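A.B. asks: Under the heading transmembrane segment, TrEMBL lists 6-37, 58-76, 88-108, 115-135, 180-200, 220-249, 261-279, 291-310.
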Amino acid sequence: MKQHAGWWYTGILGLLLVTIVLAMMVGTTWLGIAQIFRAVTRPASSDFTTVFTLRVPRILSSLICGGSLAVAGALFQAVFRNPIADPSILGVSAAANFFKLGGALLLPAMWGRNWFFALGGGLVALAILTSGRALADPYRLIIVGVALDATFVGLQQLLSSGATQISSSTFNGMTWSETTVLLILGVIGLIGALLIAPWANYLKLTDTALSHVGVPVSVIRWSLLLLGMYLAVSVTAVVGAIPFVGIVVPNIARRLVGHDYQTVLPFSMLAGAWLMLAADTLGRTVISPSEISAATMMAIIGGPFVILLLQRGRGFYGMSTR
């Protein structure tokens with residue numbers, strides 16, 4: 001851990017708390033601190049309905065989705081040793097979204113349909129990514145991932161009569177039932193990621209070095225991959241595909257708190273939660289009463305970040321991005 005990592009943790013926690021309060025206040029109807037306090041203490045008030053029926057589910061959903069996507073990105077980057085490996089770039093989110101839509105058309109009455117079909121899509125994408133020679137070449141991996149993403153986005157547009165992937169990815173109208181599902185799936189995945197964070201550190205070494213000390217490389221790699229896929233799919237199944245969170249946050253986290261995944265993953269979880277909530281809050285206020293979806297906001301933020309990352313050619317475990 002870097003010497004000043006503790007300060008960065010304190011800073012992100014402070015930002016998170018401030019943004020949560022702001023997210024409760026802003027919207028079509030502005031609420032002051034006194035009104036929020038009244039909502040907490042008077043369940044019969046109209047402010048209670050505004051805060052706890054409309055805004056709190058949206059806030060919680062943003063937090064868990066942001067944390068899940070950021071950690072998923074960090075896990076993918078550890079496995080692929082690539083700073084721009086991310087579920088949205090590699091086609092995992094697009095595949096999950098396409099399969100979710102297909103499930104809605106084929107089995108509209110099936111219980112848990114979205115999650116199970118999205119999981120199937122994520123597994124298909126992982127199978128394609130890990131077959132052939134893509135794993136051995138970080139550049140080939142990204143090309144395959146981009147092609148995979150474009151393929152599934154195109155297929156999705158065919159099924160949805162031109163509805164775009166990004167426009168449907170929003171936290172608007174999130175209910176408590178949807179939020180509860182997100183919380184359960186997300187908390188399980190995030191706890192699992194924190195528990196196996198030390199495993200990600202092993203992948204900084206070469207496969208040869210790991211095999212010499214008896215580390216089960218394949219078990220570690222597939223455990224991290226499947227967990228990252230699970231986190232990304234859990235988000236996509238409920239709110240749709242949201243790009244770039246898994247690229248932006250882990251890269252910043254490594255610069256601030258170091259390369260030890262026992263600090264990178266928890267910091268990414270907090271920073272991802274903050275970034276997603278900030279993006280969603282900004283998106284629903286800048287053109288109020290209309291709003292910009294969280295996915296569109298993240299595309300605006302994340303696209304330039306990825307371009308800058310590639311143009312500056314920063315390395316990752318000794319691998320140049322050029």
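Glycine too: its Cβ is placed from the backbone N, Cα and C atoms.
Any TrEMBL annotation is an automated prediction that lacks curation.
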A.B. asks: As a test: from 58-76, 88-108, 115-135, 180-200, 220-249, pick the stretch that has the greatest number of Cβ pairs under 8 Å with the transmembrane segment (6-37).
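C.D. replies: Answer, by Cβ pair count: 58-76.
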A.B. asks: For the transmembrane segment (88-108), what are the same-chain contacts with Cβ under 8 Å, counting residues 6+ beyond its ends?
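C.D. replies: Cβ under 8 Å, 6 or more out: 76, 114, 116-122, 124-126, 128-129, 141-142, 145-149, 151-153, 155-156, 159-160, 165, 229, 232-233, 235-237, 240-247, 306.
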A.B. asks: Using a Cβ cut-off of under 8 Å, list the residues of the same chain at least 6 residues beyond the transmembrane segment (58-76) that approach it.
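C.D. replies: Answer is 20, 23-24, 82, 85-87, 90, 171-172, 174, 178-179, 182-183, 186-187, 189-190, 193, 200, 224-225, 227-229, 231-232, 234-235, 238-239, 242, 245-247, 249-250, 253, 261, 264-265, 268-277, 280-281, 294.
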